[in-house]
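Participant: First the structure, then my questions, so here it is.
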Amino acid sequence: MPKQVDAARQGVDSAIPSGKNIRKRNEGVFSNDKCGVNIEDAVKSTLLDADTTAPGEMDTLKTKEQSAAITGTSQDGGIMSLSRSDKEAMALLVVLYLLQGIPVGLAFGTMPYLLKSYMSYTDVGIFMLCTYPYSLKLLWSPIVDTLFVTRWRVPFTSLTLSLGRRKSWIVPVQFLTSIALYLLANHTEEYVLSETANIYQVTALFFSLITMAATQDIAVDGWALTLLSEENVGYASTAQTIGVNIGYFTSFTVFLAFNSLEFSNKYFRSEALDYPILSLATYLKFCSAAFFLVTLWLLIFKKEKIEGRHSTEMSVRQVYVIMWRICKLKHVQLLTFVHLIGKIGFQPNEAVTGLKMVEKGLGKEDLALAVLIDFPFQILFGYLAALWSRGDRALFPWVVAFVARLGLALVSMAVVHGMPASSEPIGGSYFLLIIASTVLNSFASTVQFVGISAFHTQIADPIIGGTYMTLLNTVSNLGGTWPRYFVFKMVDFFSVSECLPPTGVDPKHVHQILGRANVTLPLSECISDTGKDYCHSIGGTCHILRDGYYWTNIICVALGAVTLLTFILPVCLRLQKIPSSAWRVRLDKVID
């Protein structure tokens, strides 16, 4: 086998594998994070950052065809020239990726804004732990791609339903998601939208949802390679980009807008009412029904091409052994450390700036509008960044964008600082400034994502491209996920705010209103929105002595600048010059 591997490498070392080659070499291994979707930046660049959001087998192919697939021009003639079977496959993939984007949009986009209404930044940081499965699905993706059943007999009946490698996971996971969404919808006031809600309970609920979404993503990524014909397999990235985008923006942008009382009364009602057009419970029930109906159709009517177990070239053990050998490479260890510390500098800007703008008076619907306006720019920037990242200096645009993101973090902080008081309306010109800041941040994050994806493609061993790309993208996503909890914690830690009750208010009266023991004046808890509401209920005002957002942002930007100059930049310049052969792993005694 080693001689065969060496011979194969000689033919592909200088080229990215085609969809056909990837399919032959890596089918049944596993699939991983988005190239069109990077969730780890809260899907901030939504399907082009991730820094998001956004979420193995397809990774090498996606990176190669990303810019073309996004614009729908990756094959001659465009999407309209596809055969009927490929068009049907595209439609199915879009729907499946759309369903995946629904819980992702809720967890990464909507829930932090809803929770911040009555919880502290620390609590929001705890909730963001629920997004970890998207960065850690590498751990169980080999299992999803290897274990399956070909058919399932309905209990207590003689009915046997056809499954397969992918439906074995997609069907049960989506049914479970449907049930979870429905149960959550019936308890939103108790478990989610309540001042007495247990943040750990809420986090556990959404952790389960994101785990199921990540598992579905693994299976759908793998199925895409066999649903589409070999010559059109590049369109899988297009389907993913469209589907996850629609699902994410529906759960984030659209929901936040229609969940806003001000937006509902201003644009859709002749007479103001005291409730929004779309409540969280109603939306969750609608999504639950969508999951159930699509999955039921998939189970009964969609036949998956049955693949025998012999089609899996590597066992679960073999995949884990290969990943371990990759991790032992010195160059991979250096790149991994760069990934893990490379996004600390702009995490406060990515995670907290939007929340701080809402806190200072920007309507949630206005923020959603800014994100929506930003989306077409992300598509354009992804194409331009792909052109810039060609050649043997793929890390150069990544480093340039790193510097830009550090600078833009300070610019965004200035924009937040200059916002008018919450009691004053935000003018049109200042809103345009907010949009411009959002677009520039997206541009920089998109350049970074495309640049690092191109570099991953260049260094990944083509023989095990899916495994290699999955590992690298997982580490990259984790680098944008793990700092967020600590960032939110730091914002509250550095914040100092007190409630100043009106002059002459008796402390006993304050105790009766707040239901607190040992209340003293001034009240020290005026950081969370619940504390602010308590303060306002007695006619008091919150006086911010120190805003932890600014301190956290400055500290992280400074830390990012120091790590860039002392470690990241020298390492990146060094890694760019390392020949591709140095990134290879020995496959003897692993693949026989």
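These residue numbers are counts, starting from 1, taken along the chain as shown.
Cβ coordinates come from backbone N, Cα and C, glycine included.
Nobody curates TrEMBL annotations by hand; they come from automatic prediction.
According to TrEMBL, the protein has these features:
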{"type": "REGION", "residues": "1-20", "note": "region 'Disordered'"}
{"type": "TRANSMEM", "residues": "89-114", "note": "transmembrane segment"}
{"type": "TRANSMEM", "residues": "126-148", "note": "transmembrane segment"}
{"type": "TRANSMEM", "residues": "232-257", "note": "transmembrane segment"}
{"type": "TRANSMEM", "residues": "277-301", "note": "transmembrane segment"}
{"type": "TRANSMEM", "residues": "367-389", "note": "transmembrane segment"}
{"type": "TRANSMEM", "residues": "395-418", "note": "transmembrane segment"}
{"type": "TRANSMEM", "residues": "430-452", "note": "transmembrane segment"}
{"type": "TRANSMEM", "residues": "550-573", "note": "transmembrane segment"}
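Surface or core, plus neighbours and distances: that's what I need for these features.
Facilitator: Sequence-distant contacts of the transmembrane segment (89-114), counting only residues of its own chain at least 6 positions beyond either end whose CB sits under 8 Å from a CB of the stretch, comprise 39, 42-43, 52-55, 79, 82, 124, 127-128, 130-131, 134, 170, 174, 177, 181, 192-193, 202, 206, 209-210, 212-213, 216-217, 220, 223-224, 227-228, 235-236, 238-240, 242-253, 255-256, 280, 287, 290-291, 294, 302, 354-355, 358, 364, 367.
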Participant: With the transmembrane segment (395-418) as the reference, find which of 232-257, 277-301, 550-573 contributes the most Cβ pairs under 8 Å.
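Facilitator: Per the Cβ under 8 Å count, 550-573.
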Participant: May I ask whether the transmembrane segment (232-257) has at least three C-beta pairs under 8 Å with the transmembrane segment (277-301), counting pairs 6 or more apart in sequence?
Facilitator: yes
